Structures are given as structure tokens and as C-alpha cells.
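Peer 1: Dropping a structure here in C-alpha cells format, bear with me for questions.
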Amino acid sequence: MGQFITLMQSIPEALNMAFNVALVIVSLLCVTKGLINLWKCGIIQLLMFLALAGRSCDGEYKIDRRHVLSHVEFNLTRMFDNLPQSCSINNTHHYYKGPENTTWGVELTLTNTSVMNRSDENVTSIRSLGFGNITNCDKTGEAGHTLKWLLNELHFTVLHVTRHIGALCRTTAGAGLLIQYNLTTSDKGGEVGRHLIASLAQIIGDNKAAWVGKCYNNCTSSGKCSLTNCEGGTHYKFLVIQNTTWPNHCSYSPMSTVRMIIQKTAYSSVSRKLLGFFTWDISDSSGQHVPGGYCLEQWAIVWAGIKCFDNSVMAKCNKDHNEEFCDTMRLFDFNQNAIKTLQLNVENSLNLMKKSINGLISDSLVIRNSLKQLAKIPYCNYTKFWYVNDTITGKHSLPQCWLVSNGSYLNETHFKNEWLWESQKLYNDMLLKEYEERQGNTPLALADLCFWSLVFFTTTVFFQLIGIPTHRHLIGEGCPKPHRLTSNSLCSCGFYKIPKKPFRWVRKGK
């Protein structure tokens, strides 16, 4: 009886506490709902749009309130610092720089004027370049390895030719390296000069194909002319190879060297599958490995700092093997392990790198990108990759290759559908993971029902609101996000260039 009386006496106190809690909850809900309504009505977005209309659109591309488009750009210079690197000033002057921090290089020049005269200096004909035997020609002592490697690739790897009647070299001691090919001379095995220039085009890249292709201009009596009998040749008569200093002739890149190494792989008709998996791990500032992902060190990327990707991204690489980003990651991983375990000289390092690239890079991807490059379709150069970054959780999507067209990277607007799709996939993966974690810890009970009921009620209230328009939308065009159109229908980023196009005001999300 006494316990019952005590219980009845405590009811008012309990009710008073419950009412206080209810008032706090209602107050929080009202404030929260008021802020949400203020944001959802569109007045803040309208003021921001009017303040920023016509400004530059070069900032980061925000997909939504938590996803932004980011990218990582690789620095391949250190990875391939034991390989010669090349660049081109124009269609006639090309350079190969020696490995690492050397100050010398090899210059390749296409010209119509011969630089050799048998009567003025010591000149010998090169009858055989078997095994890179250029001892009599190379008087520099330091460029020998690079020169032998270059000639071997030109003659054996690409051409399978060991002789060239029109090749001359200077043998004067102390005069430096000088080799001249007569591109108009052919031996009994075929038009070696024509094949030589075609192989040089493959090495330098498709963008230098302007001087590959010779046509005859046939004109009729009526004055009409047409190009006929086009061949894979050049109108230049001589290819001159000589040693030179390296005062930064042009911005060199190892990609031409990599293209030379993998060019046979690009034309392979048999596809390989990787036989093993790589162990991805994360390294802290002291170099200790911590499980949980993979970090690119400072030397591997263009800007300073360390960029890490979690295990979910790396797991996709180990599962599918069908992305250029995964190929590049395997090259970095191989390079890192090779540095730790191997002490090789330059030639052995080069041979090992050639075998590793042929064994690691997926044939199907190389073939696909090579065909795209030949067809003038945007292709991947294995250097720059974009990904979607969740600014709240720090999660990333699997990086995709940033395609190249006409020697420059595509603008973000050209692949907007791709990064929007990656954002949606990242959302789905995160929601699925959160749902599985919640189901594993607690079942969907009363708290979940209350939460989803509140979300449903709030959503139905929002549907009844009439919002304020937030931005200009060109009639008949896609949504201009994130372009800030002026009253003349223009944007300073240059994507919308036609003025006075009809537009209408729309609300965000419509």
C-alpha cells in the first residue's frame, strides 16, 4: 500500500520532467525546421546567384552539398628516372635526355641538307648495327648507352632490320657523335628509310604524324589537282643524330620512352590477365606500414603532400583489373618494391622495367587507348586521374582516367555525366554500408520507425512550399550547373558563348 502511494506521488514530477523534455524537443524541431525552410525556399541561393552571376567558374566543381570533383596527377619523372626522356620542339627537332640528372642528350633532326662530307672528315658507313655495336661512331664516352638503346629500339624492336646502306657516322676523335641516315636510300630488304621514319613517328607520338605521309600532287589540264599515291614516308632526305648539351630545350616527359617500350604490347592480339594480387597498405610519416589503404608519397604526385586511397578503392583494382588508374598504381607499387630489394645498374634496370611494364599493364586497355589515339578520340595517357571525393567522410570513388584530346586534358564539362554517375555510385555504396552496419548492430525497431516517420512528415511539408527561383536556365539546354549565367546568357568560363539566348528562372533541383 505504501509503495502504491509513493508511485502516485511521483507521477506529477515525472509528468513535469516529460513536459520539459517535450518543450525542448519541440523548440529544437521548430528552430531546425525554420532554418531548413529558410534554406529550401531559395532566397539564400538567389542572393548568392545574383552576387556571383558572370563571375569565373574555375573553382572546384561541387556536385552537391558534400561531393566535389577532385583529381590526382602523377609525377612519373622519378619513377622512370633511369630511362631516357624525350621531347620535341617542332616537327624537325627532337631530343632525348640521358637518365637521371645528366646534362647531355641526343638530338634527332630531320633535314634536307647533308651534314657529312667524306672529303672533309673521317666518315665510315654503318653496315651493321647488330647488338648496338657503334663503338667506332661513339666518341663521347657518356652517351653510349642511351644511343645504343635508341638505335636498338629503332632497328630491332620496331623494324627488325639490322642494315641500312645510307647510314654514315663520323669517326674523328674528340669531334663528338654524328650519325646521318639517308632516308631516300633503300637496301635489298625494302624501304628501310620509310620504315625508319614510321617507327620514329610511333616513338614520338601520333601528334607528330604531320611529317609522316608523302603524297604526289597530280594536276589535270583543266587545273584540278588531287593528292595520290600517298605513302608512309617524309619529304625530308636525312635524319641526323648527334650529341648535344641539355639547356632545357623543351619540357621533356618520360611518356615517349614508355610508349617506345610498350608499343609492341599495344599491337598484341593476345590478352593477358594478371596472375597475382598486390598487397596495398598505408604508410605513416615515419614510413611504417599501417593496414587500411594505399598512400602515394610526395615524389609520386605533382603537388606536395601525401594522397591516400582507402581499401574500398584498391579492392576494386584487385577485383577487375580494367582501369588505367589501377595499372599506374601497380607500376608505382612495383617501382617501390624494386628500389627496396634490387641494386641494379642502368641497363639491367631498363630491361627489368621493360619486362615489368609488359607484364603489368592490361593489354586490352593499352590497345583501346592506342586505337582511340589513332582515331583522334579522347584517350588516356596514364598521367592524370579524376575521382569524386566525399568531403564529410573522406571516401573516394575509384579514380578514372582524365582523357586527353589534341594534346590537352578535357574540360570538366565534357564528362559531367561520368562524375555525376560516380557520385551516385558513391552514395549507394555508403548507404548500403551504413544499412548493413545498422542491421548488424540493432534491428529496425521503434527508433527507426519514429525517425523515418518524421522524415516522411517533413518531406510532405516541404512539398507544399512554393520556392523562389535560384538560377537562370537556358531554354532547351541542360542544367547550367555550376555556370553562373548573366542576363545576356553568358558565362565567363567560356562554355556559353552565344549572347541573348532565351532563358527562364528555375528553382534549384528543378
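Note: Cβ is positioned from N, Cα and C throughout, glycine not excepted.
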Peer 1: According to the record in Swiss-Prot, which candidate from Cys250, Cys295, Cys308 pairs with Cys87 in a disulphide?
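Peer 2: Going by Swiss-Prot, Cys87 is disulfide-bonded to Cys250.
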Peer 1: Which of these links to Cys317 by a disulfide bond in Swiss-Prot: Cys295, Cys326?
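Peer 2: Answer per the record: Cys326.
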Peer 1: Which of Cys380, Cys450 is the other half of the disulfide bond that Swiss-Prot records for Cys401?
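Peer 2: Answer per Swiss-Prot: Cys380.
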Peer 1: Tell me if the membrane topology in Swiss-Prot places Lys501 and Ser251 on the same side.
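Peer 2: No - Swiss-Prot names a different topological domain for Ser251 than for Lys501.
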Peer 1: Long-range same-chain neighbours of Asn406 (N-linked glycosylation site), Cβ under 8 Å, sequence gap at least 6?
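Peer 2: Result: none.
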Peer 1: Across all the protein chains here, work out how many other Cβ atoms are within 10 Å of the Cβ of Cys317 (disulfide bond).
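Peer 2: Other Cβ atoms within 10 Å of Cys317 (disulfide bond): 23.
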Peer 1: Please report the number of other Cβ atoms within 10 Å of the Cβ of Asn411 (N-linked glycosylation site).
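Peer 2: If we count other Cβ atoms within 10 Å of Asn411 (N-linked glycosylation site), we arrive at 12.
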Peer 1: May I ask you to report the DSSP-based helix, strand or coil state of Cys308 (disulfide bond)?
Peer 2: strand
Peer 1: Have a look around Asn243 (N-linked glycosylation site) and count the other CB atoms within 10 A of its CB, chains all included.
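Peer 2: For Asn243 (N-linked glycosylation site), the 10 Å Cβ neighbour count is 20.
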